[in-house]
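Down below is the structure, laid out as structure tokens.
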């Protein structure tokens with residue numbers, strides 16, 4: 001009977017902690033002064049202090065701590081102390097009360113290895129973060145099981161102001177600021193770029209020690225710029241690319257391209273930021289270059305488009321413009337069959353003065369059909385489309401397909417339209433032809449400019465290499481002549497002496 005009464009009292013205490021009812025707490029303590037000490041004997045997963053701290057009942061929490069300060073270190077089912085719950089919910093007064101009871105509570109790690117500071121940082125509770133850091137100065141450096149620091153959590157949960165607060169005391173510790181997690185070896189900059197958090201990236205790059213480690217590699221061998229290249233294309237990606245490039249972040253495959261022998265001969269100014277001229281030249285051709293993996297990403301869409309075009313270009317073979325003769329016709333039955341017999345099943349437009357135009361139509365249609373089949377063959381053959389050679393072939397086949405498909409339409413249009421309508425509406429007839437021609441010329445112009453730019457760069461590079469070789473040769477010859485002259489002078493001096 002007595003045990004049953006104690007259980008009822010403990011249950012009532014838990015309900016009182018949910019409501020923060022001080023009257024019930026005082027009554028239960030008067031009834032049983034040792035009720036707080038009996039909490040650990042109950043089967044509940046959490047203590048009344050956990051509930052009170054979670055729900056923000058300040059007076060109730062202070063009363064429990066006054067009766068038994070050790071409650072501040074009790075753990076619930078998830079190995080969280082009351083300070084974890086109060087920090088996560090931003091109850092600043094309760095956090096101060098718990099820290100006064102036992103400052104070591106802020107060092108307690110739950111089953112995920114997270115301290116109360118981690119939860120406060122995740123929720124952006126800045127005042128709680130300040131209180132916890134004031135209690136334990138080195139709390140920022142605690143790393144939980146995943147290898148993540150509190151800085152990683154700030155970035156993951158997009159808490160910029162909290163991140164600024166936490167970075168300030170450790171801004172000179174480059175090793176900590178650029179530490180990597182155990183999940184993928186990512187630094188805070190890697191994660192910020194991965195999540196496309198522009199403001200956080202700007203802030204991190206403004207910290208000198210973080211900027212020194214911007215080219216750190218994760219376990220996949222990617223820098224922050226490489227991570228960005230593998231993310232979906234949108235406006236944020238373009239903005240971040242400019243920010244990272246301006247900060248001197250490089251791709252992993254560009255960091256060790258320079259041979260050691262020639263690395264020491266580069267002038268100090270050349271190893272720094274790109275010159276203004278190189279930036280201007282790069283920006284001028286930014287939209288004339290393409291990424292090498294765009295075709296690989298669009299493989300499925302290209303397959304659908306090529307199949308549709310193949311179907312369209314195959315259709316004129318079965319149902320040609322103008323149709324076919326249903327019966328045999330001769331010159332007496334039709335004006336189109338002059339000096340010949342039009343056989344049943346043959347093309348109507350193959351007779352009567354339309355032969356040249358129709359042959360051009362068949363030629364363009366056949367080229368479009370063949371080119372679209374080539375695209376399908378390349379896509380299903382499994383060739384590496386990132387290879388420049390195969391990508392060039394596929395691009396050429398696609399451009400050829402679309403160009404001759406447009407010409408096929410124009411020729412079919414001219415074959416079917418009556419001459420009277422063509423004469424009266426010449427502008428409307430020629431408009432689609434002009435638009436198609438302009439589009440083709442624009443594409444050719446862009447590719448020509450790209451080719452000329454590539455050619456000029458190659459020529460300039462060759463000239464620079466030749467000039468550099470010539471300079472080294474002249475220097476060597478000068479050194480050799482000096483050595484010979486010195487040897488001759490030494491021999492002559494020896495003979496004279």
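Here the Cβ of each residue, glycine as well, is placed from N, Cα and C on the backbone.
Quantities reported herein were computed from a predicted structural model and do not represent experimental measurements.
The compositional bias 'Polar residues' feature in TrEMBL is assigned to 252-265.
According to TrEMBL, the feature domain 'PGG' maps to 293-413.
Taken from TrEMBL, the feature region 'Disordered' covers 252-278.
For the repeat 'ANK' (78-104), the DSSP counts in helix, strand and coil order read 20 helix, 0 strand, 7 coil. According to TrEMBL, the repeat 'ANK' annotation covers 78-104 (among others).
Summarising the annotation, TrEMBL assigns repeat 'ANK' to 112-133 (among others). Sequence-distant contacts of the repeat 'ANK' (112-133), counting only residues of its own chain at least 6 positions beyond either end whose CB sits under 8 Å from a CB of the stretch, comprise 81, 83-84, 86-92, 95-96, 99, 105-106, 139-140, 142-146, 150, 153-154, 156-157, 159, 161-162, 165-166, 169.
Listed by sequence, the residues of this chain that lie at least six past the ends of the repeat 'ANK' (184-206) yet keep a Cβ under 8 A from its Cβ atoms are 149, 151-152, 154-156, 158, 160, 163-164, 177-178, 213-214, 216-220, 222, 224-225, 227-228, 231, 234, 236-237, 239-240, 243-244, 247. Feature annotation from TrEMBL assigns repeat 'ANK' to 184-206 (among others).
The transmembrane segment annotation in TrEMBL covers 361-383 (among others).
According to TrEMBL, the transmembrane segment annotation covers 389-417 (among others). Sequence-distant contacts of the transmembrane segment (389-417) (same chain, at least 6 residues past either end, Cβ-Cβ under 8 Å): 292, 295, 302, 306, 309, 312-313, 316, 321-322, 349, 354, 357-358, 360-361, 364-365, 367-368, 371-372, 374-375, 378-379, 383, 429, 432-433, 436, 440, 443.
The transmembrane segment annotation in TrEMBL covers 429-456 (among others).
Taking Cβ pairs closer than 8 Å, the transmembrane segment (361-383) reaches residues 299, 302-303, 306-307, 309-310, 313-314, 316, 321, 390, 393-394, 397-398, 400-401, 404-405, 407-408, 411-412, 415 in its own chain, all 6 or more past its ends. Summarised by DSSP class, the composition of the repeat 'ANK' (184-206) is 16 helix, 0 strand, 7 coil.
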